[in-house]
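Report on one structure; see the data block that follows.
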Amino acid sequence: MGTTKVTPSLVFAVTVATIGSFQFGYNTGVINAPETILKDFLNYTLEERLEDLPSEGLLTALWSLCVAIFSVGGMIGSFSVGLFVNRFGRRNSMLLVNLLAIIAGCLMGFAKIAESVEMLILGRLLIGIFCGLCTGFVPMYIGEVSPTALRGAFGTLNQLGIVVGILVAQIFGLDFILGSEELWPGLLGLTIIPAILQSAALPFCPESPRFLLINKKEEDQATEILQRLWGTSDVVQEIQEMKDESVRMSQEKQVTVLELFRSPNYVQPLLISIVLQLSQQLSGINAVFYYSTGIFKDAGVQEPIYATIGAGVVNTIFTVVSLFLVERAGRRTLHMIGLGGMAVCSVFMTISLLLKDDYEAMSFVCIVAILIYVAFFEIGPGPIPWFIVAELFSQGPRPAAIAVAGCCNWTSNFLVGMLFPSAAAYLGAYVFIIFAAFLIFFLIFTFFKVPETKGRTFEDIARAFEGQAHSGKGPAGVELNSMQPVKETPGNA
């Protein structure tokens, strides 16, 4: 195999794909900053329509729906990933669904002029479906165009896109930028611009070579794309690996979601994929970000919105750090470090919130604990669950597996968002102890069950799980991790 390198074609393709990740992050964070203004819009619109003041219960229900419908859309979208990628391909799927983002942006952007609550809610639903699809398309495409030795680093760019999107939404949501009563429609409708940019750039990106060879049997085109992306003429080893996988796929029928759960070959990697997605959401990160302004306010911070943006900056910086570490330390190690660090920080957050009224310094401890907590999240649990799912499965079951894992991620995201306020009201500062318990459980699970995928081909990983399924062994971390990755040579460095 020739020496692979980071080519302009590869960087361009991955960067354009991560615009979808940016959209997910932006639309996750954009609803939080103008909360008061949007509630006023709901109140005014309903008052005009009902010719009476709406009840507090109706307003609360509608606001909750505006927030939660995004996650419901995400569940629908993530579960529909396979329907698109198997029929249209990875690149063309990303191109097609941008139409959803444009329609959603128009609905949200013109909701105020039309005085329509329904347009706002429908727009949030459609942008949720779009983002759910993106959380499947982007990691899959990046994983399939990246060289084995760089797959983890490029996979982390998916998470970088998400956190940059959240940060941009937080900054643009400031009242003196777009978070004002006059400009909030522009804040929500801004999602149209990345959709148009990505639609314009995607035709210049190649289709996934794995999709072309394995699904479409277009070997010559796949070879040409691989050579251009990786900057080497010698891609014989990768092409042969894809051809072997293509032969295996031709001997099997299309893998459906139901068959994923039935086949002993897929049960263990699917379990790992689901638990890793849960480890991301049940770590408490979204609870911290959804309610960070309130947490900082409770901790005594004078300008909590700026502290929240500070957390977003830390989020972004440590995602970049993870990008450089993931191919050195490995996925499994970084994930465990992240989970362990977050568990410790959760305990410190609890202690500082309990003692802040008695000791002024505890407000500072709380802020530092949150910032370090966010840093540990981006070291492991943030980026790794997204791209490791694509690594654990071969071409056939990959779309269905990503759909199931993505749906679990969105569902747990939705449940945390719905249940955290009640849990926080009932348990107070002790609520973060629940997250600490989850984090410890996920740390133990990762140690015993999650394999190291660094430097290993998709085929190698799939065969390891198949061998264990046939021998009746579970995927204990020691067993699978005792297998050596592809030996580092100039060809895969």
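Counting starts with 1 at the first residue shown.
Cβ atoms are placed via backbone N, Cα and C, with glycine included.
Listed in Swiss-Prot:
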{"type": "CARBOHYD", "residues": "Asn43", "note": "N-linked glycosylation site"}
{"type": "MOD_RES", "residues": "Thr232", "note": "phosphothreonine"}
{"type": "MOD_RES", "residues": "Ser471", "note": "phosphoserine"}
{"type": "MOD_RES", "residues": "Ser482", "note": "phosphoserine"}
{"type": "MOD_RES", "residues": "Thr489", "note": "phosphothreonine"}
{"type": "REGION", "residues": "469-493", "note": "region 'Disordered'"}
{"type": "TOPO_DOM", "residues": "1-10", "note": "topological domain 'Cytoplasmic'"}
{"type": "TOPO_DOM", "residues": "33-64", "note": "topological domain 'Extracellular'"}
{"type": "TOPO_DOM", "residues": "86-90", "note": "topological domain 'Cytoplasmic'"}
{"type": "TOPO_DOM", "residues": "112-118", "note": "topological domain 'Extracellular'"}
{"type": "TOPO_DOM", "residues": "143-153", "note": "topological domain 'Cytoplasmic'"}
{"type": "TOPO_DOM", "residues": "175-183", "note": "topological domain 'Extracellular'"}
{"type": "TOPO_DOM", "residues": "205-269", "note": "topological domain 'Cytoplasmic'"}
{"type": "TOPO_DOM", "residues": "291-304", "note": "topological domain 'Extracellular'"}
{"type": "TOPO_DOM", "residues": "326-331", "note": "topological domain 'Cytoplasmic'"}
{"type": "TOPO_DOM", "residues": "353-363", "note": "topological domain 'Extracellular'"}
{"type": "TOPO_DOM", "residues": "390-399", "note": "topological domain 'Cytoplasmic'"}
{"type": "TOPO_DOM", "residues": "421-429", "note": "topological domain 'Extracellular'"}
Whole-number Å value for how far Asn43 (N-linked glycosylation site) lies from Thr232 (phosphothreonine) (Cα to Cα): 61
Other C-beta atoms that fall within 10 angstroms of the C-beta of Asn43 (N-linked glycosylation site): 17
Residues of the topological domain 'Extracellular' (175-183) by DSSP state, where helix covers H, G and I: 0 helix, 0 strand, 9 coil
Chain residues outside the topological domain 'Cytoplasmic' (390-399) and at least six past its termini with a C-beta under 8 angstroms from it: 81-82, 85-86, 136, 139-140, 143-144, 151, 155, 210-211, 214-215, 242, 245-246, 248-249, 252, 254-255, 259-260, 266, 269, 272-273, 331, 451, 453, 456, 458-459, 461-462, 465
Distal contacts, the topological domain 'Cytoplasmic' (143-153) - CB-CB under 8 A, six or more residues away: 4, 6, 10, 13-14, 90, 206, 208-211, 229-230, 323-324, 326-327, 331, 387, 390-391, 453-457, 486, 488, 492-493
Local confidence of the topological domain 'Extracellular' (175-183) - pLDDT mean: 93
Cβ neighbours of Thr232 (phosphothreonine) where a neighbour is any other Cβ within 10 Å: 18
Contact set, same chain, for the topological domain 'Cytoplasmic' (326-331): CB under 8 Å, 6 or more residues outside the stretch: 149-150, 152-153, 155-156, 337, 383-384, 388, 391, 450, 452-455
DSSP-assigned states of the topological domain 'Cytoplasmic' (390-399) in counts, ordered helix, strand, coil: 5 helix, 0 strand, 5 coil
Spatial neighbours of the topological domain 'Extracellular' (33-64) far in sequence, C-beta under 8 Å, 6+ residues away: 111-112, 115-117, 120-121, 169-170, 172-174, 179-181, 184, 187, 305, 418
DSSP-derived class (H/G/I helix, E/B strand, else coil) of the residue listed as 'N-linked glycosylation site': helix
Same-chain residues near the topological domain 'Cytoplasmic' (86-90), Cβ under 8 Å, at least 6 residues beyond its ends: 96, 137, 140-141, 144, 207-208, 211-212, 215-216, 254, 399
